[in-house]
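What follows is a set of notes on a single structure, which appears directly below.
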Amino acid sequence: MALSTAAWMVHDTRLMLCVLLAIASIIVLISATKLPPFLSILIGTFIAGVGAGLPAEEVAKAFSKGAGAILGEAGIIIALGSMLGALMAESGAADRIATTLLGLGKGKSLPWVMALVAMVIGLPLFFEVGLVMMVPIIFVMAKRSNQPLLKIAIPALAGMTTLHALMPPHPGPLIAVGALHADLGLTMLLGFCLAVPAVILAGPLYGNWLSKRLHVDEPADIGALFSAPPKAPRQPSFGVSLLIILLPVILMLGSTLAKVALPAESSVGLTLKFLGEPLIALGLAVIAAVICLGWAAGMPRAEVGNTLRKALAPIAVLLLTIGAGGGLKQTLLDAGVSQTISKVAEGAHMPYLLLAWLIAVALRQATGSATVATTTTAGILAPMMAGLAATQSSLVALAIGAGSVFFCHVNDAGFWMVREYFGLQLKQTIWVWSVLQTIVSVVGLVGTLVLWHFLT
């Protein structure tokens with residue numbers, strides 16, 4: 001027994017050291033040698049996989065599997081979002097929305113407006129979908145208001161990522177609710193109570209502080225794509241412009257409501273679920289934009305087609321990079337990182353909320369997946385939570401969601417999306433994205449502790 005325990009401890013230590021070495025290697029390769037992120041992550045993946053004891057061919061298979069999975073899920077969405085953003089920019093729809101928003105909030109109030117808009121758009125949408133829809137608005141708003149890009153972007157990022165972590169029906173909180181048998185409505189209410197201060201601190205307040213200390217120039221390719229001067233002979237109305245950008249939101253919200261309120265086999269429910277699939281919803285939005293923002297606005301069909309084609313070129317590096325991030329994540333999972341952390345967590349003895357948060361943090365840091373962090377943490381804790389009251393179960397679910405977004409870094413697809421969209425250096429991305437998510441995570445933990453004290 002002593003030998004098997006020692007063997008397990010050696011493997012456990014070796015595996016975690018390989019994870020740390022891989023992450024450090026990626027950072028050094030990008031920062032010091034200036035290698036592109038895709039190649040740096042590929043090298044880091046093999047360091048982690050081979051060092052952890054996987055055969056080289058298994059590492060290659062895991063990398064390909066992970067890259068294919070993330071590109072199949074997020075790659076097409078990013079491509080459709082890029083085409084939608086380009087059409088909104090060249091038709092003048094983004095400019096029209098920006099003009100209206102600038103009328104609602106000017107100067108110091110503009111970041112607060114952006115945070116609110118991002119929360120509304122991000123409520124039913126996955127983070128990746130919300131980001132690709134918000135990016136053109138962010139660029140146009142920053143340009144029209146003459147404010148630093150980060151001052152506009154950070155509140156929008158905070159609004160979307162906070163809901164992704166703390167508000168069902170987003171996948172992470174929903175998984176935790178199901179595993180812990182928590183009350184969905186109560187969890188949504190408590191999640192909203194936590195989300196508001198988290199967005200305020202991580203969004204307008206942090207964005208205002210960071211934008212004074214970190215100057216970021218508009219990225220040449222993507223910035224030119226999304227902030228290009230309108231080319232359509234007739235600028236669309238605000239109503240049409242808003243309808244196009246809200247179409248995926250409405251369709252995905254309808255899908256969510258159908259899953260909750262309608263029988264599983266009802267024809268209406270099945271139709272709403274189909275239309276609310278992210279790929280379908282964004283695809284329909286692009287088709288609607290071609291018709292309403294392109295052809296109906298007087299743009300020649302050849303010009304519309306050229307706009308759609310041009311939208312794909314600037315995102316090639318982004319797609320390769322997030323694909324590599326998915327490959328790294330899958331390799332770490334195949335190496336057994338989540339099982340190793342689970343074994344350590346099962347022997348821990350501490351308050352439920354802190355334990356839930358720490359396990360989710362450890363899993364997210366190691367695997368780069370909020371879904372893996374949430375699912376595994378909830379599975380570990382579920383047997384311990386059988387006797388908890390409804391409020392307590394909901395708070396544990398929210399603590400897991402908060403932990404799953406702590407300091408997301410190079411093994412996170414969102415990290416690379418933010419870096420490429422806003423043209424950031426690696427260190428800048430850590431300040432803009434990793435620290436922002438850490439604020440959301442810590443506020444979420446503190447909020448659950450406070451609510452536990454007063455409500456239980």
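Just so you know, glycine gets a Cβ as well, placed from its N, Cα and C.
Beyond the transmembrane segment (12-32), the same-chain residues lying 6 or more positions past its ends with a Cβ under 8 Å from any Cβ of the stretch are 39-41, 43-45, 47-48, 51-53, 328, 332, 335-337, 340, 343-344, 366, 409-411, 426-427. Here TrEMBL flags 12-32 (among others) as transmembrane segment.
Residues 11, 14-15, 17-19, 21-23, 25-26, 29-30, 62-63, 317, 320-321, 323-325, 327-328, 331-332, 334-336, 410 of the same chain lie 6+ residues outside the transmembrane segment (38-56) yet bring a C-beta within less than 8 angstroms of a C-beta in it. Among the features that TrEMBL reports, transmembrane segment is placed at 38-56 (among others).
Annotated transmembrane segment per TrEMBL: 68-89 (among others), in sequence order. With a threshold of 8 Å between CB atoms, the same-chain residues lying at least 6 positions outside the transmembrane segment (68-89) that come near it are 95, 97, 126, 128-129, 131-133, 135-136, 139-140, 225-228, 230, 241, 244-245, 278-279, 282-283, 285-286, 289-290, 293-294, 304, 307-308, 310-312, 314-315, 318-319, 322-323, 325-327, 329-330, 413, 417.
Taken from TrEMBL, the feature transmembrane segment applies to 109-142 (among others). Nonlocal intrachain contacts for the transmembrane segment (109-142), taken as residues 6+ away from its ends with a CB within less than 8 angstroms of a stretch CB, comprise 74, 77-78, 80-82, 84-86, 88-89, 94-95, 97-98, 101-102, 148-149, 151-164, 167, 169-171, 195, 199-200, 203-204, 207-208, 218, 222-223, 226-227, 245-246, 248-249, 252-253, 255-256, 278, 281-282, 413-414, 417-418, 421.
As annotated by TrEMBL, transmembrane segment applies to 149-167 (among others).
As annotated by TrEMBL, transmembrane segment applies to 187-206 (among others).
Per TrEMBL, transmembrane segment is recorded for 238-258 (among others).
As annotated by TrEMBL, transmembrane segment applies to 278-299 (among others).
Here TrEMBL flags 311-328 (among others) as transmembrane segment.
The transmembrane segment annotation in TrEMBL covers 396-418 (among others). The list of residues near the transmembrane segment (396-418) in space but at least 6 beyond its ends in sequence, with Cβ under 8 angstroms from a Cβ of it, reads 23, 26-27, 37, 41, 44, 70, 74, 78, 127-128, 131, 157, 161, 164-166, 172-173, 176-177, 180, 182, 187, 190-191, 194, 318, 321-322, 325-326, 328-329, 332, 352-354, 356-361, 363-365, 367-368, 370, 373-374, 377-378, 381, 385, 388, 424, 429-430, 432-435, 437-438, 440-445, 447-448.
Feature annotation from TrEMBL assigns transmembrane segment to 430-455 (among others). Nonlocal intrachain contacts for the transmembrane segment (430-455), taken as residues 6+ away from its ends with a CB within less than 8 angstroms of a stretch CB, comprise 150, 153-154, 157-158, 161-162, 165-166, 190, 193-194, 197-198, 201-202, 206, 210, 214, 216, 353-354, 357, 361, 391-392, 395-396, 398-399, 401-403, 405-409, 414-415, 418-419, 422, 424.
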Leading contact stretch, 187-206, 278-299, 311-328 vs the transmembrane segment (238-258) - CB distance under 8 Å: 278-299
Report, as numbers and ranges, every residue of the chain located at least six residues beyond the transmembrane segment (187-206) whose Cβ falls under 8 Å of a Cβ in that stretch; write 'none' if there are none. 111-112, 114-115, 119, 154-159, 162-163, 166-168, 173, 177, 391, 394-395, 397-398, 401-402, 435-437, 439-440, 443-444, 447-448, 451
